[in-house]
Amino acid sequence: MVLEAVLLGIVQGITEFLPISSTAHMYILAKLLNLHVPGRFFLSSVQLGTSFALILYFFKDVKGIISETSRSIYSFIQFGIRQKQGKRNEYTRLGLLLVTGTIPVVLLGFLLVRFVPDGFFSAARNLFTMGVALIVFGLLLGFADALFRRKKGNIFQITFIESVLIGAAQVFAIIPGVSRSGITITTARFLNFDRQLAVRFSFLLSLPVTFIGGMYGLVAGPDTDYYSLGYSLIGAIVSFVVGLLVVSALLRIISKTTFVLFVYYRVLFGLFLVIVSFF
């Protein structure tokens, strides 16, 4: 049990931030190693673990966004004052961009949950669908990364329309194999973000959705999760530590190279799943 929780926590910590789909890997690992498929409570716990890893790594950004956005909104409401461009206003703009990027995925997510039959989500969780999603969206990442050269390297170059598009793209991540970070990074690269800005914005944009989603999963009520509170806590701690290391490593890697290795991995892993699905 402890080993299973640790193993699943490691997989979540690695795959949550890499553009290779954490959901697909968690599901496949459980199936291949004959582990118990994690329930909502465990998945929410390890998701929160990686969320806290992001908060710690980007603590300066998160603190600046909260404090400066609040300060700017208060100043504007009270005095009609707008700040000039600068470090403080960078945090204010980033905060507003994250809000506009979060709104569409929340609305679209609500509509999907409300109107799409539960059978759709169950049907999507199969080897063939995951394999195809890994391949198709992996090729899209490779195409965007190779074709669209870096142009936008700072927050002030991002428009609110672009933040809405990137935020809305997250809805595709309901399909196992797509990858939330993968689709947002891909969209950002199509919009000519440089790699570091694409990854930074993608990670920060994920925080509201993953944190709120993780908290909701914990308080939504008991489920039939095989993993108890203790094992879920172990998984969360492991995913936090591993996630922190992966975020740091990824940001160093993409400053020196492209996403091509992730594209190759997605295509090969996707082909493997498609082939296995026929047996």
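Keep in mind that glycine also has a Cβ here, set from the backbone N, Cα and C atoms.
Database features, via Swiss-Prot:
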type	residues	note
TRANSMEM	1-21	transmembrane segment
TRANSMEM	39-59	transmembrane segment
TRANSMEM	96-116	transmembrane segment
TRANSMEM	128-148	transmembrane segment
TRANSMEM	155-175	transmembrane segment
TRANSMEM	201-221	transmembrane segment
TRANSMEM	231-251	transmembrane segment
TRANSMEM	259-279	transmembrane segment
Ask   = Counting Cβ pairs under 8 Å to the transmembrane segment (259-279), which of 39-59, 128-148, 155-175, 201-221 comes out on top?
value = 128-148
The transmembrane segment (96-116) touching the transmembrane segment (155-175) per 3+ Cβ pairs under 8 Å rule = yes
Query = Per the definition of 3+ C-beta pairs under 8 A with sequence separation of 6 or more, do the transmembrane segment (128-148) and the transmembrane segment (1-21) touch?
reply = yes
Query = Cβ under 8 Å to the transmembrane segment (231-251), counting only same-chain residues 6 or more beyond its ends: which ones?
reply = 1-2, 4-6, 8-10, 12-14, 16-18, 41-42, 45-50, 52-54, 56-57, 196, 199-200, 203, 225
